[in-house]
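S.K.: Here it is, the structure, as C-alpha cells.
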Amino acid sequence: MTQTPTVAAIEERRPLTERLGRVRVASWATAALLIVAVVAAVALQPNLLSPYGVASTFATFLPLVLVAVAQAIVVIGGGLDLSAGAIVALSSVVAVQVMQGEAGSVPLGFLTAIGVGLACGIVNGLVVSRLRLQPLIATFATASVFSGLALLVLPSPGGTVPAIITGTFRQAVGGVPVSVLLVVAVAAGWLVVRHLRIMRHIRATGGGPAAAFASLVPVAGAQLASYAICGVICGLAGLAVLGNSGSGDPFIGGDLALNSVAAVVVGGIALRGGIGSPIGAIAGAITLSLASTILFALSLPTSWRALAAGLVVILALALSALGAPRRQR
Amino acid sequence: MKPTTATRARTLLRDPVVIAAVIAILLVVVGGILKPGFASPDQIVNMLRVASFLGIIAIGQTIVVLSGGEGIDLSVGTVATLGAILASRTMNGSDALLVPGILLAVGVAALIGLANGLGIVLLRIPPFVMTLGMLGVVGGLILVVTGGVADGRAAPSLVQLVNGRDVLGIPGILLVWALLAVVVTLVLRRTTFGMQLYATGSGREAARLSGVPVGRVTVTAYVLSSIFAALGGIAMVGYSQQVFLNLANDLTLPSIAAVVIGGTLVAGGVGGYLGSAIGAIVLTVLTSLLTTLSMPEWARIVVQGVVLIALLAVYGRQRKLRT
C-alpha cells in the first residue's frame, strides 16, 4: 500500500487563510457571546467580581464546564453522549459511598470516580464502535443503565463528602480560587492533549469516518477513545459536583447531558463532528451558566424566568449555529 | 429467478417491522409465562392504550426522521405536555369545550413546529440544536401559561374515548390510533407529499434538482411533528384525567427509540410508520413487563437500557466501513 496522507495532514496543508476563515466565524460568535454575558452579569451583579463571587461562581460552573469539555471531545469525534449526566451521577455516588466521609479515603474516592467514569465511557465506546449503534439512541440507552446503577448505589440524595474536598474546593491558592485554577487546568490539559495522535485520529474520524478509514485511521479505536476520555472527564465532573454540594445525589445528571450539548454548540463546535475545540465548549458552558445568573439578577417573575432562559439559549444556539461553517452544497 | 418460499421467508425475517412485531409478541408471551394474567386480552388492551400516546407522538417523529438532513425533533415531549395543558385548561371538564381545546392546542403546536421548521430551513440551524433550544422555550412557555400550577380537567368524552371500552370492548383511542396509522401510511406511500418527503430524505440535492420543494417539505414535517405531539399529549390527559407540568416530557427519547426500533433509518428516506407504531408497542410492553415483575426501580431502569441496546444490536446497526 502506498503512503496515504492522513486527513489531519491534508487539513494542515490547506492554505492558512482558508483554515482561519473556516474557524474564525464560529469562534468569533462564541467569544462575542461570552463577552456579552460577562459584561451583562458584572453590570447587574458587581459583587460577582469580588474574590468570593468569582470563587463561588466558578465552583458552580465547574461541573458543566467539565461535562461540556467531555461532550466536546465526543462531538468532535463525530459522536454524541447523552449519558454524560448519568456518568457524572454514577461516579459521584460511588465515590461518596467509597469515601464514607473519611479524609483518609479521599485518594481512593478520586480513583473510584475516575475509574467508574472510564468504565462507563468504555461501555459507551464499545456500544458505538463495535455494535455500531446510532450514538444518540445508544447513549440514551446506556444513560438508563448508568442512572439505574446510581440509584442502586445511593437510592436517595445524601451521604457525606469528606470536609477536605469541599474545603479545598472553596480555597484560594496565591489569591486565585481553586475553582478558577481547575478550569484553567482543564483548558491547559486540552492544549497538551490536542497534539496527541489519538486526538488527531478522533478529529479525523469526526470529519468523515469513511475518509479517515481509507487513510488508515483506526476509526473504531478513535471512537472508543473519545467516549473513554469523555467518561474520565465526567468522573472528574462527578468529583466537582461532590466538592460543590457536599453530598451525593443520584439524580444530579438530569439536565447535564443536554446542557453540555448546548454548551458545545454555543462553543462553536459543529455537531456533525470534526470541527471545533473544547476551549470553545468551556466558553459556551460559562456563557450559558452566566445567562441564568443574569436572568436571576433581572428579578423577572418566577414563571417567566424559564421562558426567558429558553429564549436566550435558543438565541445563543442560533447565533453559534449561524456562525458555524456550513456543509458545502 | 423466481423467489422461492425460503428466500421470501428470509427477506421477511430481515424486515425490521417483522422483527419488531416478533419481539413485541415474544415480550407478551414471556410476560404471560412469568406472570399469569400479563398476556390476558384485558391487559393487552390496556398496554396498547398506553402505547397509543407514544405511538401518536411517534407519528410526527417518524415524519421528521424520514425528512432526513439529520432530522430529529427533541421538543415533542414538552410540546405534548404544552398541548395537554392548553387543552385541559380550555375544556376544563366540559364536553362543549373539547373541540376548542383541541384546536387551541393543535394551533399553538403548529406555530411551534413552524418556528422549528423555519429555523432549520431558513437559518439552517441543525435540527438537533434548533429543537433542543425549542425544548427549553416550550418548557418556559408551560411555566408562563400555568404559573407553575397545572389546572384544568379532561372533558368526560375524552376520558371515555381513552378509558372506556365502547367499540367491541376496546377503547376508542385504539381505533383513533389505528385510523391515524392507516391515514399516515397512505399519505406517506400514496400522496405527492409522501413521495416528496422520501425524496427529500434520500438526498436533498437530488430532490431539489428534481423539482421537490425541499424547504416546504421540511417545514411541513416539523409542523406535523408538533401537531401529532400535541394530539398525543391530549390523549394522555384523557388517560390521566389531570394534567401535570411534566406529563409527557419523558416521551421524547422513547419516541425516537420507537422510530429506530421500527426500522426507519436515522439518516432519512427509508422506513415507515407501521414500524414506529410497533416500536412504541415494544417499548410500552417492555416497561409494563418490568413493572409487573415488581423489580426494584434501579433494576427496571438498568434492564430497560440493556434491552434497548440488545434490540438495537439485533438490527439497528449502522453499516460497516469495510465492505
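Quick reminder: no glycine exception, Cβ is built from N, Cα and C everywhere.
OK, TrEMBL features for this one:
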type	residues	note
TRANSMEM	B:12-34	transmembrane segment
TRANSMEM	B:46-67	transmembrane segment
TRANSMEM	B:74-91	transmembrane segment
TRANSMEM	B:97-121	transmembrane segment
TRANSMEM	B:128-150	transmembrane segment
TRANSMEM	B:170-188	transmembrane segment
TRANSMEM	B:217-239	transmembrane segment
TRANSMEM	B:251-268	transmembrane segment
TRANSMEM	B:273-292	transmembrane segment
TRANSMEM	B:298-316	transmembrane segment
S.K.: Take a look at B:12-34, B:74-91, B:97-121, B:217-239 and tell me which one has the most Cβ pairs under 8 Å to the transmembrane segment (B:273-292).
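M.R.: The stretch I would name here is B:12-34.
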S.K.: Who are the chain neighbours of the transmembrane segment (B:97-121) in space, where the CB to CB distance is under 8 Å and they lie at least 6 residues beyond its ends?
M.R.: 69, 73, 75, 79, 82-84, 86-91, 127, 130-131, 134, 138, 155, 157-158, 215, 218-227, 229-231, 233-234
S.K.: For the transmembrane segment (B:217-239) and the transmembrane segment (B:74-91), check the count of CB pairs under 8 Å (sequence separation 6 or more) and say whether it reaches 3 or more.
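M.R.: Between the transmembrane segment (B:217-239) and the transmembrane segment (B:74-91), contact is present.
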S.K.: Could you pull out which residues elsewhere in the chain have a CB under 8 Å from any CB of the transmembrane segment (B:298-316), counting only those six or more residues past its ends?
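M.R.: Hits for the transmembrane segment (B:298-316): 14, 16, 19, 23, 257, 260-261, 263, 282, 286-287, 290-291.
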S.K.: Considering only Cβ pairs under 8 Å, which range in B:12-34, B:46-67, B:128-150, B:251-268 makes the most contacts with the transmembrane segment (B:74-91)?
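M.R.: Per the Cβ count, the answer is B:128-150.
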